[in-house]
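Input: a single structure, listed below in structure tokens.
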Amino acid sequence: MSGVGPVEPGEGTHVQDAPPAPLPQRGPLAGHFERHRRVVLGALITSAVLAGSGYLYVTRPRPEPPPAPPYPNQVTDIAYLRPGTTSSNTASRGFTFEVEVITESGPPVTVTRISQPYAGLSVTSSPRTPFRTKAGSPRKITVTLRVTECGNVPRNAGLPFLDVTLRNTRAIQVHSFILGPQYAQDLSRALQVACSNKFG
Amino acid sequence: MRQRSLIAITAALAAGALTLTACGSRDEDGGGSSDSGNGGTTVVIGVDAPLTGDLSALGLGIKNSVDLAAKTANKEKFVEGVTFKIEALDDQAQPSSGQQNASTLVADKDVLGVVGPLNSSVAESMQRVFNDAKLVQVSPANTGPSLSQGQDWQTSKKRPYESYFRTSTTDAIQGPFAAQYLYNDSKKRKVFVIDDKKTYGAGLAGTFTAEFKKLGGKVVGTEHINPDAKDFSAVATKVKSSGADVVYYGGEYPQAGPLSKQIKAAGSKVPLVGGDGIYDPTFISLAGKGSDGDLATSVGVPLDQLDSAKKFTADYKAAGYKEDFAAYGGYSYDAAWSIIEAVKKVVDANDGKLPDDARAKVVEAMSGVSFDGVTGKVSYDEFGDTTNKQLTVYAVKNGAWEPVKSGTYTG
Amino acid sequence: MNELPQQLVNGLLLGSMYGLVAIGYTMVYGIVQLINFAHGEIFMTGAFGAITVYLYVLPDGTSMAIALPLMILGAMLVATTVAVGAERFAYRPLRGAPRLAPLITAIGLSLALQQAVWAWYPDARSAIEFPQIDGGPFEIGNVTIQTGDVFLLLAAPLSMAILAYFVMKTRTGRGMQATAQDPDTAKLMGVNTDRIIVVAFALGAIFAAVGGVAYGLKYGQIDFRMGFILGLKAFTAAVLGGIGNIYGAMLGGIVLGIAEALSTAYIADIPGLDQFGSQSWADVWAFVLLILVLLFRPQGLLGERVADRA
């Protein structure tokens, strides 16, 4: 009948009193919802707000994380300055020299160890390791090599180097610093003197 | 008698041909790298490297890295009004091809700088051509000291060619560094030194030997191999009977790989040590399983320790090059970028236009170039050598190169 | 340590490979008096045939026990096809031409084959890894022999035996001898010389293919230029042994290989010659030997006749 319109009521017809509409038949769940509507709605809204803000939080325009500090061997430089002057005691049995430790940028670098690879020499430094160098403030370090055994000393090394353990917040690294021809010359001269004195 | 003289002629031909192993061919996929929509002038950066043959793994890495630098400069509009293009020529690691390529590049008026070559011997044949044309050349890989410091670099340094620059450290440091490492850290005392008689190999073996002897080590044998040969069994047998505890090889990986393999196969389990010429994954695949423990020194520190290299590595990947950037990728990028910087200086100083004598101006500008590159701070000293003198010892571990120790030359 | 036995073995191995390739030079020369300079490239294509079978025909991880025979077959197939094709299309049209024409053609063909492999074979622009036979080296006394070399040590004498049998006992083989002695008379006697020439090219290619596989097994890599130097050395070996003589080819190869090994090992020990003793001088000494032999025996070590049939 739909679409046709209401049939005109005939004679003697009248609108019956509608019986009271029965309560809609719903399941027990719906009843439950009916009873706890506020709580459920509240929970829904809360979770929607949480999800939304979570999404916003995750996708928020974030400031770039601060770049990791550079590796210490990339910002540290050690330059040979000159042979040092120390007590004649050490001078006769070794070689003292000054170097400058420079940290170019980034967080401070700690020098945790200075060594050198030759078997017949031992190393001490002043100040003693570990010490820190900050970017922009170079430190002068006095390094003393002591001859322990003349047989194992490089009397004529062309490019001797120092092995330095460097540490900053990024990493710990052992790096070799080849201090150049002047260092090589001064070193071999000093070692030749040291070792000839010992036997002479 | 006709026949006998025919045999004689062909025998002579054969003997002659043995020395002429080059066969000419050229890779043509060089140019056309850049989007030319930038307008204005086009500046071509030439590339010369072995793009085919044994050393192509290194050469293609150089070419791609320069290409990446050119593209990056175009994208960033680094030099206003200038579009960079590359023109890559293949030298097949042959000095004669290198010289031809140099002339080709000089003849192209748009070329304002050249990156390359890989081999020091090739560089020797190109330097004069470029210098006469006042065309700047930056090698990412040459390590022979005489290229920038003259033949008598050990006694009196004198720069032979004003137009020659390089981003790699020289063998004057590399050879001794290896000697120090072997003598002091690895406690090796008896070395067998082999080289391939080429500029790079012989030079490197020379600086190594000198330092190793000074330290007190002993050279128990020397040998020069023929780079065209594949059979080194006779040499390997000599190594074994010499009782050496380490072999130093001055040369490149196409020979070093088989050499290492044949030395181990001959029953002498000593490491083979070389320079940057053997620092390539191809060495390991050629040398096989026995290569674990072999060592190489190479220029610079490992790229993954350099924050500046991260962007390069990512960009290289994003650009989708087929080949790896290999040992000299970062140095090639920096070499190309220093040319780009120099061009920028020249253009900026000339009201945003290229001057007529752009080539000479670029050469002048090079010495003042200084920027933070892929491999660290890039600038050149009075010889055209890089001021960033870092080296790393790598060892083969489980079929891959692993960094062992790095050093900086601060003298 | 006495390194002489090891150096002799090194030379023997290297020389056997020269010999396998030299057979092709000597057979073709013996029959058509053509120095087939493209033979080194036929050796190279053989090696590429073998690697093609391994990489693209066989499934990954096929054991070498199964793969190796198939690779040898593939190598022979490719090398023979190239050699017979070269004969048919490059040399046969020039059969009546002056002798220098086919020689130049051979050199051109050599370059063309190299460049073709370089341009069209996948990844051939740098060296291609060749599969290896597993198993450690064998120690006999203080001589070490690699697993890959065992193949060469077996293949070279076996190939020689088969070749000798073929040339001496079979009808085709006797036809070859007849053609070598006098092609016109052979033709009159009913020998199909065209066919004999094709057989000579094919046989040479088969041995070159075996050599190519041996090269791959020995050195672990092949590349498009591998045939150039080795071909020249093999040609030298053929001349040294007496070109035209198949035993001479193998003997010449072995003498050449041993000369190279020994000059690398010992020349430097001779006082005053230490400058000339390294491996880079081995080729020079090998050619000095060649010149000396040719001075006293122009026909080569085993050459009975340098065919002066004019």
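Heads up, the Cβ atoms here are built off N, Cα and C, so glycines get one too.
Look at TrEMBL and you will find C:12-35 (among others) tagged as transmembrane segment.
Sequence annotations record features per position, and here TrEMBL assigns transmembrane segment to C:42-58 (among others). Remote same-chain partners of the transmembrane segment (C:42-58), defined as residues 6 or more beyond its termini with a Cβ less than 8 Å from a stretch Cβ, comprise 21, 24, 66-67, 70-79, 82-83, 86, 113-114, 117, 121, 124, 128, 130-131, 204-205, 208-213, 215-216, 222, 224-227, 230-231, 234.
According to TrEMBL, the feature transmembrane segment maps to C:64-86 (among others).
According to TrEMBL, the transmembrane segment annotation covers C:98-121 (among others). Residues 33-38, 40-42, 44-45, 48, 82, 86, 90-91, 224-225, 227-228, 231 of the same chain sit 6 or more residues outside the transmembrane segment (C:98-121) yet have a Cβ under 8 Å from a Cβ within it.
Under the heading transmembrane segment, TrEMBL lists C:150-168 (among others). Panel annotation: around the transmembrane segment (C:150-168), residues 12-13, 16-17, 19-20, 23, 68, 133, 138, 174, 176-177, 203, 207, 210, 213-214, 217-218, 246-247, 250 of the same chain, lying at least six beyond its termini, place a Cβ under 8 Å from a Cβ of the stretch.
Under the heading transmembrane segment, TrEMBL lists C:196-216 (among others).
Look at TrEMBL and you will find C:247-268 (among others) tagged as transmembrane segment.
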Interface check, the transmembrane segment (C:247-268) with the transmembrane segment (C:64-86), three or more C-beta pairs under 8 A: no
Beyond the flanks of the transmembrane segment (C:64-86) by 6 or more, those residues with Cβ under 8 Å of it: 24, 36, 38-39, 41-43, 45-54, 57-58, 109, 113, 131-134, 151, 198, 201-202, 204-206, 208-210, 212-213
